[in-house]
């Protein structure tokens with residue numbers, strides 16, 4: 001049924017009865033109303049959709065509801081800004097404003113300017129008592145809300161609307177139709193003109209008052225202060241109340257650390273339900289994209305332990321109950337570590353990698369392990385054990401790599417974030433190809449102990465996430481290992497980077513005045529369907545940065561040529577055999593596995609793509625004792641000096657360039673061509689990768705193919721790079737969900753964690769197994 005409405009006269013009388021019969025004070029009613037408004041915002045615009053909320057407050061009670069809602073939104077993890085041009089001198093309203101100022105919530109007098117950078121608007125200007133003509137200072141904001149594409153939620157009544165007759169016939173507000181309306185206590189007659197999402201918030205009305213005014217009280221569910229309903233009159237729909245009992249679990253799509261914690265601590269979900277929801281998505285979509293090698297058989301029991309801790313008030317850790325996927329070259333004591341290689345299928349570490357221990361200590365749940373290009377040697381993400389992983393944005397293309405399983409899985413919301421490794425491109429390539437963020441840290445910042453190795457010089461590890469905020473939390477946890485005697489590169493960490501909280505670095509700052517060096521040598525300017533979209537996206541990046549007040553300097557030095565750098569300075573072939581032989585001979589590595597790299601490549605149970613046959617053959621007979629190796633290391637030192645000189649000569653804050661000069665390659669391609677990761681790999685400089693744009697949509701790629709940008713900084717400047725990435729992400733919002741995995745998936749109660757069987761039938765014939 002549709003709920004009965006409450007006219008203006010009765011609405012005013014109802015408020016008086018609530019304060020007399022109901023014994024509520026005005027500030028209590030305002031608190032309850034503001035709480036309802038905040039829940040409605042959270043329902044229609046979760047933090048993963050953008051945290052910037054512009055709250056427009058009028059001088060009366062409606063404005064007070066908006067102030068209370070803003071305070072709650074801040075505690076939910078949003079970033080509210082208050083437009084409150086006619087601030088009341090009443091003690092109640094002054095205290096509400098002070099509460100917000102104590103939280104450093106900004107107040108603005110420029111509604112239109114703030115609207116340009118916000119993600120959602122709360123219209124709390126006029127309530128049900130409004131009548132007459134709209135006057136300044138609210139005239140322009142209402143006109144702006146009429147035309148903006150930013151979604152608007154109106155409190156009790158869209159500002160300028162008559163409670164009885166709806167929008168005015170002309171003037172400001174005549175065409176104002178907000179996306180969402182929350183009616184406080186009961187719907188008003190104006191809802192017959194409203195066609196958007198409609199909530200009622202009034203879970204405080206005594207039954208005697210409801211009966212006096214003949215009100216219909218919705219069946220509020222769980223801890224909800226709101227109920228979603230249909231309209232009335234000609235546009236009426238069947239009443240629909242959405243609460244905990246009717247939800248298909250917490251919606252984990254595009255979930256963030258902050259959003260998950262808000263849901264957990266608000267009793268909107270449980271840790272077990274979260275894990276079951278992510279597993280449901282994996283079961284639904286992994287058969288298509290083939291990103292997962294195995295799930296953690298203990299994930300549900302670990303989640304239950306977290307729920308017990310939560311109930312006891314002992315929920316601790318920056319990653320409490322955050323489901324994380326790790327690349328299957330990270331040692332895990334509760335799952336085999338295979339590197340995607342059939343000959344390592346039964347290799348079982350008895351000790352976690354140092355960073356896996358750090359993740360667990362921070363409260364994370366290691367949900368499972370992701371596919372990778374076998375042994376992390378290339379970027380196509382195909383392996384003899386895991387098969388071919390598919391890009392969720394275009395099923396004819398690879399997901400980048402070697403950490404492509406993590407990239408595809410995080411893009412498809414199989415976990416909150418994931419981890420990868422990077423010897424040349426392998427964190428940045430999948431981030432670029434899946435519209436994600438990643439960080440390759442300065443060499444030595446994060447311990448690599450317990451990671452299947454390739455190159456002591458070039459190996460790095462780090463997180464891959466959907467937003468910069470999660471990247472910063474993950475980096476903070478992973479870097480918390482600090483100095484590790486099992487990875488002597490960690491002795492390089494300067495005191496200023498020890499124990500650093502990278503999340504704190506995200507706040508403040510400005511692109512205005514920054515200087516970026518655009519590396520021309522990392523582009524392919526030959527026009528084609530594969531290169532032109534990248535060049536066009538970077539034309540847009542250049543314009544965005546310039547419009548934000550930054551300076552972009554074109555760097556034309558001929559030292560910046562990825563092919564030349566790789567040919568001259570790549571150390572992998574000298575270090576690979578020695579590093580792997582050491583890893584395979586460790587006492588902590590149990591199960592059935594080869595004891596040397598040569599034994600592995602004699603087994604017939606491996607996959608090497610043809611373009612790497614000579615690399616592997618050379619690696620098996622090379623070592624760091626080769627005379628050539630010393631010359632390469634000296635050349636890297638010279639390149640490092642040249643790179644530092646580029647920064648100083650041009651007074652640069654960072655270098656920027658496409659991670660890949662062309663679109664991520666098709667499945668079956670000879671290699672992942674066109675990538676630019678080698679500069680950071682050999683010099684050890686840090687890089688943050690950010691989504692830069694998309695190619696035009698096609699039948700194979702309905703939302704386009706993601707294109708990423710590397711931001712390279714000086715050593716130990718991860719905090720500055722993350723801040724820069726956050727600023728760029730705020731002025732250029734890029735990320736889109738993959739079309740093929742965007743639908744919600746209903747979760748079910750699980751008795752045990754299901755077993756995942758990777759699909760190896762899809763390995764392209766171009767990559768024969770067991771051939772070298």
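Residue numbers in this text run from 1 along the chain shown.
Yeah, the Cβs are placed from backbone N, Cα and C, and that goes for glycine too.
Annotation comment: TrEMBL describes 11-217 as domain 'YjeF N-terminal'.
Neighbour density for residue 156 ((6S)-NADPHX binding site): within 10 A of its CB lie 29 other CB atoms from the protein chains shown. As annotated by TrEMBL, (6S)-NADPHX binding site applies to 61, 62, 63, 64, 65, 127, 128, 129, 130, 131, 132, 133, 156.
TrEMBL lists 62, 123, 159 with the feature K(+) binding site.
Within the group of binding-site residues (65, 123), the Cβ with the highest number of other Cβ atoms inside 10 Å belongs to 65. Every protein chain considered, the tally of other Cβ atoms within 10 Å of the Cβ of residue 61 ((6S)-NADPHX binding site) stands at 23. The Cβ centroid of 62, 123, 159 marks the K(+) site; residues of that chain outside this set whose Cβ lies within 8 Å of it are 56, 58, 66, 124, 125, 126, 127, 154, 155, 156, 157, 158, given in sequence order. Of the binding-site residues 63, 132, 63 has the largest number of other Cβ atoms within 10 Å of its own Cβ. The average pLDDT for the domain 'YjeF N-terminal' (11-217) in the predicted structure is 88. Cα to Cα, residue 61 ((6S)-NADPHX binding site) and residue 123 (K(+) binding site) are separated by 13 Å. Sequence-distant contacts of residue 62 (K(+) binding site), defined as residues of its own chain at least six apart whose C-beta falls under 8 angstroms from its C-beta, comprise 124, 125, 126, 127, 155, 156. Taking only the Cα positions, the spacing between residue 159 (K(+) binding site) and residue 63 ((6S)-NADPHX binding site) is 11 angstrom. The two recorded residues, residue 132 ((6S)-NADPHX binding site) and residue 123 (K(+) binding site), have Cα atoms 18 Å apart.
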